[in-house]
């Protein structure tokens with residue numbers, strides 16, 4: 001009875017989210033950009049100059065190799081967070097923490113839980129004979145001018161992977177492909193964008209398999225979203241590629257799905273107590289040029305919505321409070337794949353869309369793999 005009730009609620013939630021989001025399939029800030037704008041290059045000398053000559057910018061801009069020759073349209077396709085109306089969060093709890101909790105002035109999940117390799121895992125992609133090969137699995141990944149807007153799924157699976165290690169000492173990498181392909185309308189539209197909260201609800205109701213069970217590549221070469229222009233959402237297969245794993249046994253579950261109260265103290269307390277969280281924010285043109293420092297919007301057009309993993313906080317030498325985040329665009333982007341953004345001012349909306357959930361012990365102690373053989377950490 002309880003299971004059937006959950007299924008009905010799940011279906012109602014799916015229809016609800018579809019009705020409230022069908023008007024907008026391309027990110028938090030899906031701007032109607034002109035054809036001329038979309039075909040122009042995302043990296044611009046004017047933006048680099050304006051940021052670097054601004055004494056109050058607080059960060060440095062550069063031509064990141066990851067976006068060399070990329071157009072605005074190609075960059076925009078990587079921003080897969082769909083705007084979710086506030087009404088779609090009805091029934092989703094908002095977590096607040098005890099304000100008396102003493103928090104450190106600086107915190108970095110990579111050092112706080114140094115035994116958890118998933119927290120600091122970085123991807124390195126190479127092009128060989130027009131085939132994208134992977135040397136590691138990451139912070140998520142850069143589709144290299146691929147066209148799958150799935151940051152919403154990667155932000156979720158990477159954060160939950162970290163939380164499994166923190167709570168159960170289980171170094172595991174969970175499958176974004178499972179979420180993108182099998183979550184359905186509860187999560188949104190797969191490669192055409194999705195809801196971060198939907199992914200966490202999927203973990204609760206259906207669980208998510210490991211990267212080893214459902215990876216982003218096969219023995220024939222590149223088969224993950226992004227290898228081809230306009231790659232469609234992958235088909236939900238519900239079977240592991242690894243012969244020694246069963247789909248159901250590979251599932252890892254979440255306990256609940258919740259939003260964190262948009263107060264810096266609550267967000268910091270959540271990360272400090274439970275591990276990294278998924279955050280969504282609005283991306284402008286200048287963000288593609290980020291190299292170092294504490295980012296805040298300076299110049300450029302609004303492009304779309306992006307989801308990343310928040311792993312810590314601190315204060316710069318200039319006295320600027322910041323959040324520390326892991327992006328999905330490889331080590332050649334930003335500060336070795338990471339970036340800092342201004343904390344306490346809801347910069348680009350980053351403090352108002354923080355979501356997470358707790359890991360469940362279901363299936364954890366059944367002898368399933370505790371590390372994916374397909375993964376090689378790059379730290």
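Glycine is no exception: its Cβ is also placed from the backbone N, Cα and C atoms.
Keep in mind the model is a prediction, meaning the values are calculated, not measured.
Taken from Swiss-Prot, the feature signal peptide covers 1-30, and the record attributes it to sequence analysis.
The annotation N-linked glycosylation site is assigned in Swiss-Prot to 32 (among others) on the grounds of sequence analysis. Around residue 32 (N-linked glycosylation site), no same-chain residue at least 6 positions away in sequence has a Cβ under 8 Å from its Cβ.
Taking a C-beta cut-off of under 8 Å and a sequence gap of six or more, residue 69 (N-linked glycosylation site) has these contacts in its own chain: 41. DSSP assigns residue 69 (N-linked glycosylation site) to coil in the three-state reduction, placing it in neither a helix nor a strand. What Swiss-Prot lists as N-linked glycosylation site is 69 (among others).
Residues or ranges marked as disulfide bond by Swiss-Prot on the basis of similarity to another entry: 116-165 (among others). In the three-state DSSP scheme, residue 165 (disulfide bond) falls into the helix class.
Annotated disulfide bond per Swiss-Prot: 148-191 (among others), in sequence order.
Annotation comment: Swiss-Prot describes 151 (among others) as active site. For residue 151 (active site), other Cβ atoms within 10 Å of its Cβ number 32.
Marked as N-linked glycosylation site by Swiss-Prot: 171 (among others). All protein chains included, residue 171 (N-linked glycosylation site) registers 21 other Cβ atoms within 10 Å of its own Cβ.
Taken from Swiss-Prot, the feature disulfide bond applies to 182-236 (among others). Listed in sequence order, the residues of the same chain lying 6 or more apart from residue 236 (disulfide bond) and placing their CB within less than 8 Å of its CB are 181, 182.
Within 10 Å of the C-beta of residue 187 (disulfide bond) we count 27 further C-beta atoms, all protein chains included. Per Swiss-Prot, disulfide bond is recorded for 183-187 (among others), and the stated evidence type is similarity to another entry.
Long-range Cβ contacts of residue 240 (disulfide bond) within its own chain (separation 6+, distance under 8 Å): 209, 212, 213, 214, 246, 247, 250. DSSP gives residue 240 (disulfide bond) a coil state; it is part of no helix or strand. Positions annotated as disulfide bond by Swiss-Prot: 213-240 (among others).
What Swiss-Prot records for 222-227 (among others) is disulfide bond.
Annotation note: residue 306 (active site) sits in a strand segment as assigned by DSSP. Positions annotated as active site by Swiss-Prot: 306 (among others).
As annotated by Swiss-Prot, active site applies to 327 (among others). Neighbour count (other Cβ atoms within 10 Å of the Cβ, all protein chains): 23 for residue 327 (active site). DSSP assigns residue 327 (active site) to coil, not to a helix or a strand.
Sequence annotations record features per position, and here Swiss-Prot assigns N-linked glycosylation site to 330 (among others). In the structure as shown, the Cβ atom of residue 330 (N-linked glycosylation site) sits within 10 Å of 22 other Cβ atoms.
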Spatial separation of residue 151 (active site) from residue 187 (disulfide bond) - C-alpha basis, Å: 12
Rounded inter-Cα distance in Å - residue 151 (active site), residue 116 (disulfide bond): 22
Most Cβ neighbours inside 10 Å, all chains, among the disulfide-bonded residues 148, 165, 182, 191, 213: 148
